[in-house]
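Heads up, the thing below is written out as structure tokens.
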Amino acid sequence: MRRCRSAQSTPGTSLLVGESCGCIQSILKAVAFPSLLIKSPCAPVNPAPGVLWCKKSGNIIMDIEPLLPGMETPAASESAENLWYTSFGMETGGLDYMYVKYARVWIPDPEEVWKSAELLKDYKPGDKVLQLRLEEGKDLEYCLDPKTKELPPLRNPDILVGENDLTALSYLHEPAVLHNLKVRFIDSKLIYTYCGIVLVAINPYEQLPIYGEDIINAYSGQNMGDMDPHIFAVAEEAYKQMARDERNQSIIVSGESGAGKTVSAKYAMRYFATVSGSASEANVEEKVLASNPIMESIGNAKTTRNDNSSRFGKYIEIGFDKRYRIIGANMRTYLLEKSRVVFQAEEERNYHIFYQLCASAALPEFQTLRLGNANYFHYTKQGGSPVIDGVDDAKEMLNTRQACTLLGISDSYQMGIFRILAGILHLGNVEFASRDSDSCAVPPKHEPLTIFCDLMGVEYEEMAHWLCHRKLATATETYIKPISKLHAINARDALAKHIYANLFNWIVDHVNKALHATVKQHSFIGVLDIYGFETFEINSFEQFCINYANEKLQQQFNMHVFKLEQEEYMKEQIPWTLIDFYDNQPCINLIEAKMGVLDLLDEECKMPKGSDDTWAQKLYNTHLNKCALFEKPRLSNKAFIIKHFADKVEYQCEGFLEKNKDTVYEEQIKVLKSSKFKLLPELFQDEEKVLSPTSAAPSGRVPLSRTAVKAAKARPGQASKEHKKTVGHQFRNSLHLLMETLNATTPHYVRCIKPNDFKFPFTFDEKRAVQQLRACGVLETIRISAAGFPSRWTYQEFFSRYRVLMKQRDVLSDRKQTCKNVLEKLILDKDKYQFGKTKIFFRAGQVAYLEKIRADKLRAACIRIQKTIRGWLMRKKYVRMRKAAIAIQRHVRGYQARCYAKFLRRTRAAITIQKFQRMYVVRKRYQRMRDATIALQALLRGYMARNKYQMMLREHKSVIIQKHVRGWLARLRYGRTLKAIVYLQCCYRRMMAKRELKKLKIEARSVERYKKLHIGLENKIMQLQRKIDEQNKEYKSLLEKMSSLEITYSTETEKLRSDVERLRMSEEEAKNATNRVLSLQDEIAKLRKELHQTQAEKKTIEEWADKYKHETEQLVSELKEQNTLLKTEKEELNRRIHDQAREITETMEKKLVEETKQLELDLNDERLRYQNLLNEFSRLEERYDDLKDEMNLMVSVPKPGHKRTDSTHSSNESEYTFSSEITEAEDLPVRMEEPSEKKAPLDMSLFLKLQKRVTELEQEKQSLQDELDRKEEQALRAKAKEEERPPIRGAELEYESLKRQELESENKKLKNELNELQKALTETRSPEVTAPGAPAYRVLLDQLTSVSEELEVRKEEVLILRSQLVSQKEAIQPKNTMTDSTILLEDVQKMKDKGEIAQAYIGLKETNRLLESQLQSQKKSHENELELLRGEIQGLKEENNRQQQLLAQNLQLPPEARIEASLQHEITRLTNENLDLMEQLEKQDKTVRKLKKQLKVFAKKIGELEVGQMENISPGQIIDEPIRPVNIPRKEKDFQGMLEYKKEDEQKLVKNLILELKPRGVAVNLIPGLPAYILFMCVRHADYLNDDQKVRSLLTSTINGIKKVLKKRGDDFETVSFWLSNTCRFLHCLKQYSGEEGFMKHNTPRQNEHCLTNFDLAEYRQVLSDLAIQIYQQLVRVLENILQPMIVSGMLEHETIQGVSGVKPTGLRKRTSSIADEGTYTLDSIIRQLNSFHSVMCQHGMDPELIKQVVKQMFYIIGAVTLNNLLLRKDMCSWSKGMQIRYNVSQLEEWLRDKNLMNSGAKETLEPLIQAAQLLQVKKKTDEDAEAICSMCNALTTAQIVKVLNLYTPVNEFEERVLVSFIRTIQMRLRDRKDSPQLLMDAKHIFPVTFPFNPSSLALETIQIPASLGLGFISRV
């Protein structure tokens, strides 16, 4: 030992440097972290306070007493658990006041590790026993430790259970951590939890839908604390820090075998591949992901704990360029478990690749490998478990081969790999036969060895010889020595392991080559998937190395945690307190330091006769009883124990030396190197390379196992030292390299936990979980946090949460001072909290104490409110009951008195009633008997007389009745026969009608047949309609038949009625006969002899009469029945017909509606698919442009270091344009013909597409060139013909003659029209328009005056023209004249004798005709101006009414809103006035320009005429007839709504109108859609000229110009909106003026005249429609980018209703505060942004239907993003947050109502969010609640409903959690619902857009072009 000189000058401080115990690291850490006390287990048991000791030297290392004021140093012999409980005892010791009655604590339990209990009485200092009650109701006495008197840990309040971050818990200890993880895992099905900077991931053993691309997009760009814990959040944090801090990152994934490390690392890499994308088209991210199947097949195997356990460590560096896109990757591997190749334990397997080969042995290409079942080979059958449940090895083999192909491993190399692997399997079946104890031999022609040699391409004899012999080299000679059978088997296994290890390294090298970056790497993110801490019943060399690596990683983790804690404390300016922690540097020194375990192992390997036993003895002699971390088992001399940071591990020394040496005989390697198989020597070609111990392999991987094989040319005794490196030495070097890499990066930690050993889904074993939590450092993180100030609140959050504990006078304007004042009153011990700059720091338990005070105060307030309300209710109830009792008594007593009086009255009345009743009964009986007797007598006498009379009467009538009856019977028979015939006819016809009806029904049901037979819905509907008409006709015919049946029935009824009448007449005759019989009674007396005969006749007549009567009644009844039957049948038939018609109609309507809906859905799907294809096309087009730019750069700048162009711009060209950028097309083939192998590789498919496109462009260019040449030749020929023709001299003369004729012929008509117009104007006076003094009247009179003046001028022109014409006729000779006008002049010249009268008459006539046409046009213009004036008056009236309405509305508004509305109205009015003034100014400019042009034309004409007169008039005439100069005004043009420009000005037009037009400022001053109107008017002129080239060029340039603008300023909303509006308007103009009838319905006649006449631009309409779709999608993306940052903050986090949401404690991962700061977004921000969007779209004149679609898309984005964040944030799922969301949604709906957009469908897109908010607020307890939830949440999927219920978290203690049973009930009720299993909504979804036709009422000829556009080179036509 030596003393440090620098320490001697400081009194009281001594510093010694230790050389052997590693205390120097403690000193360095103390220097680096002066506030930390690092404990070394080498310190003495009872050190002096404030001194660090070295146990070996016994000297003081460092005197740190000045740094430890009043703090005791714990004993160094404590283990990690002891230190944990010591720190916990310190924590609970200060919280004795919390142990009161009903407080809940945790007590140890042998089964559940920790159990919850409740205190039955308060704890008092000095108590030795706690009275507890367990949760199951059992009482318990808990005895405290008499020595430490430690109290059991307190349980956190229920409100904190289930937190996302374990550091947010108020009580930080092991039971709280375990319980929180269990609640999240079992109840909420959440597998991820933060623990400070660590992400704890619990393996669910079940596929969860939380890793889709939608989840990746949701986490992309989010802060780590803003979302629920997830592996994607850690990956996003690493990616963000890499881009922000320009520092490399590492993600360290650790855990036990089977905990899910590999899966977590795989998902992290998938996140990087998805978010960052690839920098080239080489799909590097796919290759990175494709490396997983290969590495899993050759490096993973089944163990007892995991079916897919990684048996090697790997560190994958994913490289990024400067734009942070993946460019490549690199993989390092660590410590492959080679022993698994030759040995597997029970229920385990070898590496997967061997079983995949055996499962694919039947494939044709594998026949040469001579493989079979896995149970046939020794190396694959030892574990006895060759098959994994649910895994198809043959299918996995296909995946492995596909991955190899993707990574560039050719099929020949793949077969070579499989050949080597098959050879290893056959080598394992090689057997040896013992000759004696020291020698052995391979059986002759041994089949496994023969196959092995054939596969490996080596000689059988050589391999068989060297498997049983070895070469010994001395200084002088060489010996060949046979080896025993055991040594031969070991040598065979060593050879197999060595071949497999080299093959593994070779595959890793090739994977790295495939993943190698082609460009320079700027930064990387490393993903470390390494084995966790392992301890088994038998632990060997592999477990030793694994635990050694974990010790190093744990040390690095501890230091990083302390660094972050120190940074946080220093940032907040909090005094850094001293914290004890377990430093594992002594354990690392025990393993790797000088004379450590590895050093002694390497030394023993160098000894000639070294063995495991001698090495164990050296370990005992060196470290036993000298180091506290090394122990010896009591019952073994071949094992040792090391106290690791996680647990004690006992290692068996057997096999350590052999595995460390990894000996392979050199002769066997030489045989393999001489193989004819090319791949095999490649595996061993790196054997001779010497690598530096600190340098990595060329591929970035550190080789771990290098066998000591001699070089081919080396002398026997001079083997390279590098070849003698042991496995332990190599592993130590590679581990140091890994630690250097990790220390140079920013680490992120993922700790994977295995919840149970049986792989049961969502089953939590507390014992196993606690073991892993202790081993992986999670509890150490918690302990470190608990030792300081784990709970941290911002001042605003503290104020919001604990405002209830403050009095009004305590609240100050300064929130910080308010919180300080309150805390000083609430917590008296100032050591329990600290005030930082922005946060308050609390010690463990203080937040729970504050929560208890808050809950007590709220509970007291609730009790007081309940007491008052209950007293008030009881008093009201008592008063009400007393009043009711008195009223009841009063009514009851009155009722009883009335009942008694009523009884007395009834008794007296009953006696009186009895008396009279008895008298009445007797009298009644007597009267009845008397009356009965008299009645009997009368009846008997009457009966006898009637019988006598009837007998006489019957006899007399019988004869008459017989006569009539017989006739009636004959007629009746005839009628029945006739009825039967008619009835049969009816039945037959009814049968035929039923058949027809059945046919109709069949035809009605066979609509599907018509659907198949006919194509097109309209044809189907027309056919169905025609069929319905036919059925209606048949129905009418049936109705006619029914009416004819009714007529027949009525005739039959009339006949029957006539028969009845006849019978009645006969009856009357019978009565008359009876009267005659009475008159002849006297004769009857005389004819007594004939009495008997008459009586007999009477009997006969009576019989016949009875029979007749009976038959008549029967007939009438039958007729009635038939009538009723016919009526019922008629009604039934009518009802059936109506029902059939109604059913057919309803069926047709339903089918029509269903088919219409289906067609609409199909149309929307097809439209969405088309627009997605269009989007993909634009992306490919953009890629094409980028590649073209890159090729330009490659050609122009051959330097290798050029910059790439941004690939995010949109495309400039369209595939539909016919000729675009011809020069580029010409240059492109030249560029394509110069490929270079040195450049980056291109995608061949894309290259072929580009080549095809170039060929097409070349063909198109050639065709255009040919056409151009042909046109030029035609033009030359036409020019030559024109030159050959003789010049025509009479053209000017003809023009002058025609003009003269027009002027003279219409002179008189003009006068008449003028007079009539004046008269009509004076007669049709209206008070508004024609009143004297009115503006319109004055304007009209002025115009009439000007017309009259013009007429006078015309007269003079006539005279001048006549004189000029005469002189010209005399000067021009009548020759070479070919036109009619010259012939006419010759005729007129021949008529000179008739004088000039006829000639003047003709000229005057023509002049009058011309003037009449001008007058008509002016009359039209005057009428149009009158209409405009009337329209202006009407508009002023409407404006006045609107102003009055606005004024009335403003008066009803509040003052602030009234001011805002008035300002808005004033702005609108001033804007409109500004527009009107600008239009007037433009009109005046136009008039001035027109007048100037006319003046120039007239001056030119006058000059020409004067020159002509001078040439044609002789000097004598000039002198004799002087002509005064007169101005000849030119006729005003009637504009046709066209714009003319020159071909060379086309690019200038596109530049000024499209490329350089700024929408901001310009759009306000222009009419909406002006650029579109201008472009269309230019197209119209090109169409008018029939110039197809000009039309095509203009449209192509327009489309490309719009694309260029959007590419340049595509992120500006105003630009995109402006051009979307103008593109749609241009498209509508092309439709409106296309000439198609469907688009001309709303046109005016003038607009119909402006339709295109020569070209059909339907194809360009499609191109413009596609362009509009692309612009719309770009607009949606711009909207999304603007709204995205606002949505979560404004809709979820901001408290719109202040005071409703409570702020819960948060952990280290602080989320965004819900209190609005200056920089945070609120709901008002979103609404303001929506107003801005809407106003901009309205200013640009966007179609209302398109605005509705944009608003619908915006609301969908808001709803989807809000709901997705709600589903991923546990802290947002509460009742109060549901209330906030519903209020926010109502504000959005109010905005829709204000903008009249409720029918846009935007509200429906918010329905899922509304239902999620309702779900948070409804009651969630009973089955009725479950039924209500299922019926209410129809817009949410089952996964979303269950997720919200799982995430529901109470903010206050008064809210109740959702029971797991209730969630199960919901799942059972929703199991039959068929919905998407996707959890999140697709926020990127874009609804298919449509552009409904919207014609413009604006007349093209009225459009003025502002000078500000710089379009002076175009002219109106």
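Cβ atoms are placed via backbone N, Cα and C, with glycine included.
Summarising the annotation, TrEMBL assigns ATP binding site to GLY255, GLU256, SER257, GLY258, ALA259, GLY260, LYS261, THR262. There are 25 other Cβ atoms within 10 Å of the Cβ belonging to GLU256 (ATP binding site).
The coiled coil annotation in TrEMBL covers 1007-1190 (among others). If you average pLDDT over the coiled coil (1007-1190) in this model, you get 79.
Under the heading coiled coil, TrEMBL lists 1412-1501 (among others).
The compositional bias 'Polar residues' feature in TrEMBL is assigned to 1208-1222.
Sequence annotations record features per position, and here TrEMBL assigns compositional bias 'Basic and acidic residues' to 1228-1239 (among others).
TrEMBL lists 1261-1287 (among others) with the feature compositional bias 'Basic and acidic residues'.
According to TrEMBL, the feature domain 'Myosin N-terminal SH3-like' maps to 100-152.
The domain 'Myosin motor' annotation in TrEMBL covers 161-855.
The domain 'Dilute' annotation in TrEMBL covers 1596-1872.
Taken from TrEMBL, the feature region 'Actin-binding' covers 735-757. Same-chain neighbours of the region 'Actin-binding' (735-757): 181, 185, 195, 197-205, 231, 234, 237-238, 241, 245, 247-256, 258-261, 264, 268, 305, 315, 332, 334, 526, 528, 532, 548-549, 552-553, 556-557, 560, 694, 696, 702, 763-765, 768-769, 772-773, 776-778, counting only residues six or more beyond its ends whose CB sits under 8 Å from a CB of the stretch.
Positions annotated as region 'Disordered' by TrEMBL: 1197-1239 (among others).
The region 'Disordered' feature in TrEMBL is assigned to 1261-1290 (among others).
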Cβ packing number for ALA259 (ATP binding site), 10 Å threshold:
25
Would you list the other residues of this chain near ATP - those whose C-beta lies within 8 angstroms of the C-beta centroid of GLY255, GLU256, SER257, GLY258, ALA259, GLY260, LYS261, THR262 - in sequence order?
ASN203, ASN306, SER309, GLY532, CYS752, LYS754
Restricting to the same chain and to sequence separations of six or more, state which residues have a Cβ under 8 Å from that of GLY255 (ATP binding site).
ALA201, LYS261, GLY532, ARG751, CYS752, ILE753, LYS754, GLN772, CYS776
Below 8 Å Cβ to Cβ and six or more residues apart, same chain only. Which residues does that give for SER257 (ATP binding site)?
THR303, ARG305, ASN306, SER309, SER310, TYR531, GLY532, GLU534
For the binding-site residues GLY258, GLY260, which one has the sparsest Cβ surroundings, going by other Cβ atoms within 10 Å?
GLY258
With DSSP helix as H/G/I and strand as E/B, how many residues of the domain 'Myosin N-terminal SH3-like' (100-152) fall in helix, strand and coil?
0 helix, 24 strand, 29 coil
Under a criterion of Cβ-Cβ distance under 8 Å and sequence separation of at least 6, what residues of the same chain contact THR262 (ATP binding site)?
GLU296, ASN300, ASN308, SER310, ASP529
Take the region 'Actin-binding' (735-757) and count its residues per DSSP category (helix H/G/I, strand E/B, coil), listing them in that order.
9 helix, 8 strand, 6 coil
